[in-house]
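Written below as structure tokens is the structure these notes are about.
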Amino acid sequence: MFVSLNWLKNYVDIDGLSAEDLAERITKSGIEVEGLERFASVSTNVVVGYVESCEKHPNADKLSLCQVSIGEETYQIICGAPNIAQGQKVAVAKPGAVLPGNFKIKKTKLRGSESNGMICSLQELGVEEKFVPKEFASGIFVFPEDTEVGADVTELLNLDDIIIELGLTPNRSDALSMLGVAYEVAAILDVPIRLPHTNYHSSEETAAQHIGVKVEATEQNPYYGAFIIKDIKIAPSPLWMRNYLMAAGIRPINNVVDITNYVLLEYGQPLHAFDYDKFDSQEVVVRMANDGEKIVTLDDQERTLSSEHLVITNGKKPVALAGVMGGADTEVSDQTTTILLEAAYFDGQTVRKAAKAFDLRSEASNRFEKGVDPNRVRKAGEKACQLLEKYADATVLDGIVEFDQLDYSEKMVTIWTSKINDRLGTAISNDVVADILRKLHFNYEQDDETFTVYAPTRRQDIVIFEDMLEEVARIYGYDNLPFTLPGGGGAQVGGLTKQQQLKRHVKRFLEGAGLSETVTYSLTNKERVTQLVSPEVAEALVSAVSLSMPMSEEHSTLRLSILPEMLSSVAYNLARKQTNLAYYELGSIFISKEQEVTKQPEEKLRLAGVLTGEWNHHPWQQEKKTVDFFVVKGVLEALFASLNVQVIFTQAKVEGMHPGRTAQLFLNNHAIGFAGQLHPQLQKSYDLKDTFVFDIDFDIFFHFTKMNQVLLQFHVILV
Amino acid sequence: MKDQLQVLEKEALQKIEDADSLKELQDVRVAYLGKKGPITEVLKGMGGKLSKEERPVIGELANTVRGNVAEALNRKKADIEAVELEKQLAEETIDVTLPGRPVPTGGPHLLTSIVEEIEDLFIGMGFEVREGPEVETDYYNFEALNLPKGHPARDMQDSFYITEDILLRTHTSPVQARTMNMIKGERPVKMICPGKVYRRDTDDATHSHQFTQIEGLYVDKHVQMSDLKGGVLDRFAKQMFGEDREIRLRPSFFPFTEPSVEMDISCKVCHGKGCSVCKKTGWIEILGAGMVHPRVLEMAGYDPDIYSGFAFGMGPERIAMLKYGVDDIRHFYTNDIRFLKQYHQA
Ligand SMILES: [Zn+2]
């Protein structure tokens, strides 16, 4: 959520605080401020000018020679914008002005004519291209006719506004509105809040004469309010509104669209405007879609609906995908004169499903998904009517045609000062609790230390004692929480299990023997998952476990051996001239004993190793020892000896391994893994040189380790 | 005869003195102390020439002479041997400045070092280390943690599903739920659970579809939020990052805790004044924590009116990145030996 501080100032008094201090206060007590930026970089000496005349430059087709008055003075300025015209009010950077990017404006000559300044586009004033209204996107910005000549452009365009970006957690959807943010800031700073008015004049004619509302899916749509507004004149919205929208990250379009967006941001309530003349009926029917029913949405895509999608219909066919996107047929256009304005409450999960299914997440769907404030639905519609009346010259028909089964009740939560103190470790008084509730604008009844709190409907997240505990804690301030040590009740000696100790022992042993630990991905691809599966694993296994919707084929299946991903790491190193490698890894493989996975696979810890290149190298004595089978066997035998287990190596054939240089390992007649040289073909497929590997079942290995004896050694290691 | 013996002794001692090899010494030994040597000869000829009284006197003298010569021989032999040894050792001289014969050296992965450091730190505070499956059921990964199906917070951690009900765990919290369920509210729980977790993130400098987590849980009677702040988080921050670090808690949201907080530590670079490392805030985000949600306690068989608890969770990758200036999370999974070796002593 992007919050314009200039906009916020309409509701709460924040003038005494720097933006940084305000951001820190909000972060510490409420919602994390993730960014704090000026709306546009600094410009100086840019004022509103009136284009008195505008002629073609005598020596250049694409340039215009303009006489621009900025009050007392008139400047000759050459302008290259295609939309420049006589009679416009424009942004003039006077000679000596500095634009964003430290761009200094000087008197200059262009094709033989003097130019004393520059007429600016919004982009040149530092506004991001994506927020610039389309009509000004490839030219200069034109102010409304009533703009005062000579006025400061920075101020007029809110260029010095500070935008704070709030990182909203899912519970704080109340702050998806300027009013919600205002309540939050009012509570944190303990300042009063000024709420907007929504009054407008309504005509004799009633909305009910033109529309009826019927809701069939009452659970998914407990409130639907329809307003009829006629005599609309589509035009640009007022400058201040465009400024606020751009600051909030929304591109201004026209007064009707901008007003619905403005109200969405102010109240957190999405609205939708249908072109009434294209609505093609006098009745709104809200129902679940039929399977296979189709609608062409505003983005001109045909969407095939199912019975879990909620639609607004005109009684004949869907005209909007409720809470997600309107239909193209009833879209508001420049010719629109009458609109049907929808202010509704749609169930979050229903909207979520549709938005996800069609990949249509929007500002509107996001707010419905998180839950809008029941008490603001109707108000938001009224606010839009007020603005349409004022800024679109419209007439609002009397009354709201409604379906209303919405729950407006405030949740009652009981809190006790003693329980708050018991949970927080604080010693706050009843008065402090009462004061915090007052700051939050929560209604409550107090009986000594018992408070019955009525959580306002804008705070749908407050349901139980602990939710209120958090409210009290954060407004009281986590900085004010004491530092205490847990009491003696649960005194417990911490520690590692025997298996965890064994893991550490094996790791340290192998590291001492010259091996480096790797950590590779558990998810591998369909080809690698079949490689170097140890014989006893292959025997226990029915199928490999694959993700139902992998992000990529590379990471689609859970590994059956750590080795393939390790080999891939070795290849990565070889490609970077790191040729002498001795790696081990201790990690899980995932064995499913079912053809179709229905339960968790068995997770087995495996100890794997890959060695290649020189084992040791003594340069000045010309001694070199490259890794061979017996180097690997030597390391393993030493490891087994350190664990007091007898492991037998027998000649064996394992797929992917050298047929004459591979051993299967047995511990107490259990096959526990294998060791040997890679088969040259497999080696080649990974771009490796002679490579030796081992892969051992760690669990069975742990089972047969004489733990008592091993533990004696551990004490020495661990102490 | 007496004189004769004394002359012989003098002669022999002189020859010993002059000898400079073991061979010469051996010759002297044979010449003077051998069976045909002059001293033996003198003693042999004693019979006819000496009186009864003289005989023992001369005999004793002869033995003394033999003894003196033998002793001189031994002394000289030791001297010569010492000299010869010295010579031999001198010949054996090597250039000790040449490089040594290398021993293969390995080491732990940086993540292991960090995880073990954190484990040891919490073991010191009385926590057990518990592990659990990486492939979890929807119940333990979400529902038991107050994340029912359709909960918007499930979006925060889009998951890798295998079936509708089985998925790769998105955090290690299911180990906590499993442990509590196993103990069934019969005694307090004080544990940490390290392990691998998986989320649907595209791998880039700050995201990884696989990463590591360590979560902690302490449930007991009268556990307070101030215990979390003072007893665990502050101690952890100071031991892990330095005694001069301050902590700050600020509101956050996790479905399984209420209240929920984020813990920041003061920035080492600017000491809270604000710099580029801390994005001008003076603080660096380290971990999330909070008081265990009563629903979570209830589902695991703990009566939330009797028991309370706190939980916390952190990412070892992030901690390693902050502590050692690692700038790309992918480095942890590429296993470039040059990267790994850099942190073998970490
Ligand atoms: Zn800093």
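Cβ from N, Cα, C; glycine included.
Per TrEMBL, Mg(2+) is bound by A:ASP467, A:GLU470, A:GLU471; the candidate from A:ASP461, A:ASP479 named for the same site is A:ASP461.
Secondary structure of the domain 'B5' (A:408-483) per DSSP (helix as H, G, I; strand as E, B; remaining residues coil): 33 helix, 17 strand, 26 coil. Confidence over the domain 'B5' (A:408-483), given as mean pLDDT on the 0 to 100 scale, stands at 97. In this view, A:GLU471 (Mg(2+) binding site) is surrounded by 25 other Cβ atoms within 10 Å of its Cβ, with every protein chain counted. Cβ crowding, taken as the number of other Cβ atoms within 10 Å, peaks at A:GLU470 among the binding-site residues A:ASP461, A:ASP467, A:GLU470. Broken down by DSSP into helix, strand and coil, the domain 'TRNA-binding' (A:40-154) contains 11 helix, 51 strand, 53 coil.
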